[in-house]
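These notes concern the structure reproduced below.
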Amino acid sequence: MRYITAGESHGPQLTTILEGIPAGLPLVADDINAELARRQKGYGRGRRMQIEKDQVQIVSGVRHGQTIGAPIALIVENKDFAHWTKIMGAAPLTEQEKKEMKRQITRPRPGHADLNGAIKYGHRDMRNVLERSSARETTVRVAAGAVAKKVLAELGIKVAGHVIEIGGVRAEQTTYETIEQLQEITEASPVRCLDGEAGKKMMQAIDDAKASGDSIGGIVEVIVEGMPIGVGSYVHYDRKLDAKLAAAVMSINAFKGVEIGIGFEAAHRPGSQVHDEILWNEEEGYTRRTNHAGGLEGGMTTGMPVVVRGVMKPIPTLYKPLQSVDIETKESFSASIERSDSCAVPAASVVAEAVVAWELATALVEQFGADRMDCIRENIERHNEYAREF
């Protein structure tokens, strides 16, 4: 499975094409729209979310509510494009229209792709960079992830995400009875946090940052239950599933670090407190006493829950902008201000769920058969029985 996205933040639409989705997967627009709505929620979001009410159009690859094995094309329109038709339109501008158009962006924002991208592609107007590098693109990544989640759900695999930390405020209560309980609690939290008291403090931290013209980041965690043992590979570096998961999470806008399981904490513990003892019982087969490895060893799943964390830096667009340099005059100025969020960590947890779900679904489809959902399901059932008796 693979996908590609296209579209700019204030262009007419965002598009993604998904290839390799097996035939026979039940899929309707509401499945995807539910995930898009989750992405748009979250304390600290900016005014753009009041304009956009994201709804997907499935334009190929699905017939009568079932995937047919062909590429799936998904489109999400940008309602805000109505205000940007001249600035972001594809048609050439007249000389008069160029004069009337807003000035070019020549002051790169520290922390963004603006300057590096402008140098790479030779853009004197950095809007060409910031429009594509915007996190608005994650809209269709979440759409792709929604399809991957459907694949996983059909195979009995559950995905959930939550926020562990925002702006230095860390959740103390992170335990849960079932993944359904985790989902229920976090869906009711404006910051997608399991710890209610910490959630209130996180919201206050966001308010304080917004009032001062600043932004704050945080840490999100994705948990996946039900993965079979042995998905991934130890044979080649580029087939290791933990490497693919790390790359996927790091590809999310503003993410600067990834942990799997206890992650960096492993550096502070002796091996006896890091590695997970192996157990066996007749009902479950092989299992582990603990899950410090986060469900992955040697590039493969262990059968325990997959646990991935990502660190998101504060959004670089600030209402009290940092110093930068105008590329035309080379003079020092305050960086450009674009409409932005004060904190997008809660929304980023939904994006993290999407990219993790995509990588896991891809690994399952590759390993257990790529064409039909019923065949994949049967192959996994046989594999699980084999693993129990091994």
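Using the three backbone atoms N, Cα and C, a Cβ is placed for every residue, glycine included.
Annotated NADP(+) binding site per Swiss-Prot: Arg39, Arg45, in sequence order, evidence recorded as sequence analysis. According to its DSSP assignment, Arg45 (NADP(+) binding site) is coil.
Under DSSP, Arg132 (FMN binding site) is assigned to a helix (H, G or I) in the three-state scheme. Here Swiss-Prot flags Arg132, Ser133, Ser134, Asn253, Ala254, Gly298, Lys313, Pro314, Ile315, Pro316, Thr317, Arg339 as FMN binding site.
Look at the Cβ of each of the binding-site residues Arg39, Arg45 and count the other Cβ atoms within 10 Å; the largest number goes with Arg39. For Ser134 (FMN binding site), the same-chain residues that are 6 or more apart in sequence and have a Cβ closer than 8 Å to its Cβ are Glu8, Ser9, Asn253. Listed binding-site residues: Ala254, Ile315; maximum Cβ neighbour count within 10 Å falls on Ile315. Here Arg45 (NADP(+) binding site) is positioned 11 angstrom away from Ile315 (FMN binding site), judged by their C-alpha atoms.
In the structure shown, the C-beta of Arg132 has more C-beta neighbours within 10 angstroms than that of any other entry among the binding-site residues Arg132, Lys313. Lys313 (FMN binding site) falls outside any helix or strand according to DSSP and counts as coil.
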